[in-house]
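Only one structure is covered here, and it is reproduced in the block below.
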Amino acid sequence: MNNTKKINYMVSPGGYVRGEARVPGDKSISHRSIMLGSLAEGTTRVSGFLEAEDCLATMQAFRAMGVDIAGPDAGNVTIRGVGMHGLQPPRDALYLGNSGTSMRLLSGLLAGQRFDVTLTGDASLTRRPMKRVTEPLRLMGAEIETSETGTAPLKIHGGAGLQGMHYDMPMASAQVKSCLLLAGLYAQGITSVSEPAPTRDHTERMLAGFGYAVQREGNKICLSSGGHLTATSIDVPGDISSAAFFMVGASIAADSDLTICHVGINPTRTGVIDILRLMGADIALLNERVVGGEPVADIRVRSAALKGIVIPEHLVPLAIDEFPVLFVAAACAEGETRLSGAEELRVKESDRIQVMADGLQILGIDAQPTPDGMVIHPGVIHGGEVDSRGDHRIAMAFTMAALRASGPVVVRDCENVNTSFPGFVDLTRSFGQVLVVEGAEP
Ligand code: S3P
């Protein structure tokens, strides 16, 4: 966190993606395991936890609020839950680094506590929109101060006494939904949220796994306060959002055959598989099984001739984190690809529409940004130097673009890859790509 040292990837052109391996644990599930494990009664054991900066920020925040958390040790974490009302006031502001999930989910969970707390983060996080959570939380009675433009730091005043309510979410956001459900654990009566399109449902699944009743009626999710969470064990599957880079890499690079083992395939996360299949990708799901309430499979991907498509809008929230690398797939396909209905991409860790369009253009691709998406005409990818603007997923997406480039691709500002994918460089190399890291500690 708070990286000052700039890291660049110098990626050699061409190559293939071959092998069999796991990717690190799911980021969304790892965050939630710490949050719910901390509020539970008893000891929660987590395996496969994502030891990346974002999830470590959540872990650190709960330690600062008095929770005894051991690990992570090779993905194992032990959380001694303090119960629904056992969190202690932290001494300082909680620093959440680059992690939007930590800030948005914690704002809901902490709005219902008896103590004051301030949430802050890095330059990217303190620019991101927080009104989407602070406004509905205020409607529930929360007292939260923000900057004039509604961004962090968020100063949350305790003891506000929340009221349950129904909220129609204006955007499809699992972070907003989860924030309000976590606030609902502490609000009087019933809290319900309707989503305009399905979004990832890990919060609902995990609450149920901790024994907390959550109802879903159509697009509405509903819970009552006053219950408690019972500690459990959580086996975190591999993150499909991390697997996605190599799924695209293996699709676009000749002579590729890759199996990524034990990946979460929760249907609210598999838009990337649907979109790649529509583009003609060769993807097989093997050994499908359910692990701790989440569906899991091994994913085999082989090289394929991709074609451009109009991306169905209903798949957008189900692949929201995968568009940087899907744009790279589109650049390597035959025919135009069009994305619309994805304005949320403009408020991620970077403006992912603009930053990807800029980088693809530098590499010689006709990529035209629109307010809510992009139009991409594929072509020959040249070598060149692109800037990830500190966005982990953009850094990894352009690393994959090198597989089809005619010259070396230099990706600037890659230190934040550690926010979601520790070990990315080693895994990339083990699959066959040649990549030098400039600026890394010796
Ligand atoms: C997340 C939800 C998504 C996603 C983010 C993680 C979560 O954000 O982009 O990386 O864990 O709930 P939105 O729900 O705001 O789109």
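Glycine too: its Cβ is placed from the backbone N, Cα and C atoms.
The Cβ neighbour count for D321 (active site, proton acceptor), using a 10 Å radius over every protein chain in view, is 24. The active site, proton acceptor annotation in TrEMBL covers D321.
Around S28 (3-phosphoshikimate binding site), the C-beta neighbours below 8 angstroms that are at least 6 residues distant in the chain are T101, A174, R200, H202, D239. The 3-phosphoshikimate binding site feature in TrEMBL is assigned to K27, S28, R32, S173, Q175, D321, K348.
Annotation comment: TrEMBL describes K27, G100, R128, Q175, R352, R393 as phosphoenolpyruvate binding site. With a cut-off of 8 Å between CB atoms and residues at least 6 apart in sequence, the same chain places F323, P324, L345, R346, D391, R393, I394 near R352 (phosphoenolpyruvate binding site), listed in sequence order.
Residues or ranges marked as domain 'Enolpyruvate transferase' by TrEMBL: 12-426.
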Top Cα neighbour of R128 (phosphoenolpyruvate binding site) in the set of binding-site residues K27, R32, S173, Q175, K348: K348
K27, R128, K348 as binding-site residues, winner by CB count within 10 A: K27
Residues among the binding-site residues S28, S173, R352 that border ligand 1 - Cβ under 6 angstroms, in sequence order: S28, S173
Around the Cβ of R393 (phosphoenolpyruvate binding site), the count of other Cβ atoms that are within 10 Å: 28
Alpha-carbon spacing, Q175 (3-phosphoshikimate binding site) to D321 (active site, proton acceptor), which is rounded to whole Å: 13
